[in-house]
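The substrate binding site annotation in Swiss-Prot covers L75, C76, H77, M113, E114 and is backed by sequence analysis. Taken from Swiss-Prot, the feature active site covers D128, and the record attributes it to sequence analysis.
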Amino acid sequence: MDPLTHFDEKGGARMVDVSLKGDTRREAVARGRVLMHRDTFRRVRDGQIAKGDVLAVARLAGIMAAKRTSDLIPLCHPLSLTGVDLHFTLDELHSTVEIESRVKTTGKTGVEMEALTAVSVAALTIYDMCKAMDKNMVVSDIRLVEKTGGKSGHYIREE
């Protein structure tokens with residue numbers, strides 16, 4: 001296992017110095033899900049939630065969150081993202097909204113945290129917009145599924 005890079009020699013937190021690293025194309029994909037009651041799921045699917053189009057708002061929230069990741073996660077570098085996309089899959093059998101984010105940049109450090117943040121905030125937005133009718137929703141399985149670029153190369157999660 002690689003040493004933890006966010007700590008100095010005395011164990012104090014630090015932001016890693018990436019100034020000597022070269023720019024490379026980087027991409028990360030993350031996924032998560034929101035499980036809900038069947039009636040809630042149908043209302044999300046059919047656009048019948050009082051607060052508005054749940055998936056459209058969640059998509060925008062996820063994109064905005066990816067752009068603000070360094071404001072939320074203390075040791076993340078502020079990045080110039082070149083692309084953020086969120087995709088939703090409606091799983092009617094399990095009353096679940098599956099969320100996938102894809103984040104891209106060309107830079108000195110990866111975009112894994114931005115992809116994970118996008119999924120997390122999109123999921124929380126779905127919860128927020130539907131909580132009046134379903135407080136039993138479950139946000140789960142937020143995970144990195146793929147990353148490319150940088151020193152560690154290409155990673156694909158085995159699912």
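Note that Cβ sites are derived from N, Cα and C of the backbone, with glycine treated the same way.
Here the features listed in Swiss-Prot are painted onto the structure.
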residue : record                 : DSSP (3 states)
L75     : substrate binding site : coil
M113    : substrate binding site : helix
D128    : active site            : helix
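H77 (substrate binding site) sits 28 Å from the residue listed as 'active site', taking the C-alpha atoms as the reference points. Annotated substrate site L75, C76, H77, M113, E114; additional same-chain residues within 8 Å of its Cβ mean position, judged by their own Cβ, are T69, S70, I73, P78, L79, T109. Within its own chain, C76 (substrate binding site) has T69, S70, M113, E114 as residues 6 or more apart in sequence whose C-beta sits under 8 angstroms from its own. Max Cα-Cα distance over the annotated substrate binders (L75, C76, H77, M113, E114) is 12 Å. All protein chains included, the residue listed as 'active site' registers 15 other Cβ atoms within 10 Å of its own Cβ. Each residue contributes its Cα atom, and for D128 (active site) and L75 (substrate binding site) those atoms are 27 Å apart. Take the binding-site residues L75, M113: by the count of other Cβ atoms within 10 Å of each Cβ, the lowest one is L75. If you count neighbouring Cβ atoms within 10 Å for each of the binding-site residues H77, E114, the highest count belongs to E114.
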